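Annotation source Swiss-Prot lists site 'Discriminates between blocked and unblocked aminoacyl-tRNA' at N12. As annotated by Swiss-Prot, tRNA binding site applies to H17, F68, N70, N116. For H22, the entry in Swiss-Prot reads active site, proton acceptor, with the evidence type sequence analysis. The site 'Stabilizes the basic form of H active site to accept a proton' annotation in Swiss-Prot covers D95 and rests on sequence analysis.
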Amino acid sequence: MLGLRLIVGLGNPGSEHTKTRHNAGFRFVDGLVQREGQRWMLESKLFAHVARVFIAGQWVWLLRPVTFMNLSGKSICAGLSFWKIKPEQMLVAHDELDFPPGAVRLKFDGGHGGQNGLRDITKLLGHGRFHRLRVGIGHPGHKDRVVNWVLGCPTCEENIAIDAALERASAVLPLVVAGDFDEAMKKLHTVV
């Protein structure tokens, strides 16, 4: 399996969205940038902030679209084309309603599952053959409450659980970057 060359965090731009559940993907890549002592740089032709981090002996691009979630594909496709990266070499970190806060899972391929950022990416790519980091944010219990839920801020307890999940995901990232996706999944998905 090909190793990773690009990690994307999904979220919505603007200070009013910074701490929302929907920005779990941004939280993941922001954590990587901070941990590695890097800085985001605006790359207007990619409609994104970009950074590079050194993981598992190689440089990996990080991309944080400046478009809203439902238009993320434009930025991602621009990045893939500009850096000549195959979708199979990309990991997209996003919020996941189907998992409780604190749960985090890796997945390769599939549909969008109702996640609007993934919907736009798969539409523009024409397929879903890329890696995903699914960060649990919980579900409000009824589909009519989903929009307010994802655009709302997690509770203190939920934030602690989400942060712990992002730390666990960061710990297996060297395996993912090196192309050992199965081992990364085994470590991340095994509850000790």
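Every residue gets a Cβ built from N, Cα and C, even glycine.
When the binding-site residues F68, N70, N116 are screened for a C-alpha within 10 angstroms of the C-alpha of N12 (site 'Discriminates between blocked and unblocked aminoacyl-tRNA'), the residues that qualify, in sequence order, are F68, N70.
Each residue contributes its Cα atom, and for F68 (tRNA binding site) and H22 (active site, proton acceptor) those atoms are 11 Å apart.
DSSP gives D95 (site 'Stabilizes the basic form of H active site to accept a proton') a strand state. Its Cβ taken as reference, H17 (tRNA binding site) is surrounded by 16 other Cβ atoms within 10 Å in the chains shown.
Residue pairs drawn from H17, F68, N70, N116, the listed tRNA binders, are separated by up to 16 Å at the Cα level. For D95 (site 'Stabilizes the basic form of H active site to accept a proton'), the nearest of the recorded positions by C-alpha distance turns out to be H22; the candidates were H22, N70, N116.
A coil conformation is recorded for N12 (site 'Discriminates between blocked and unblocked aminoacyl-tRNA') in the three-state DSSP classification, outside any helix or strand.
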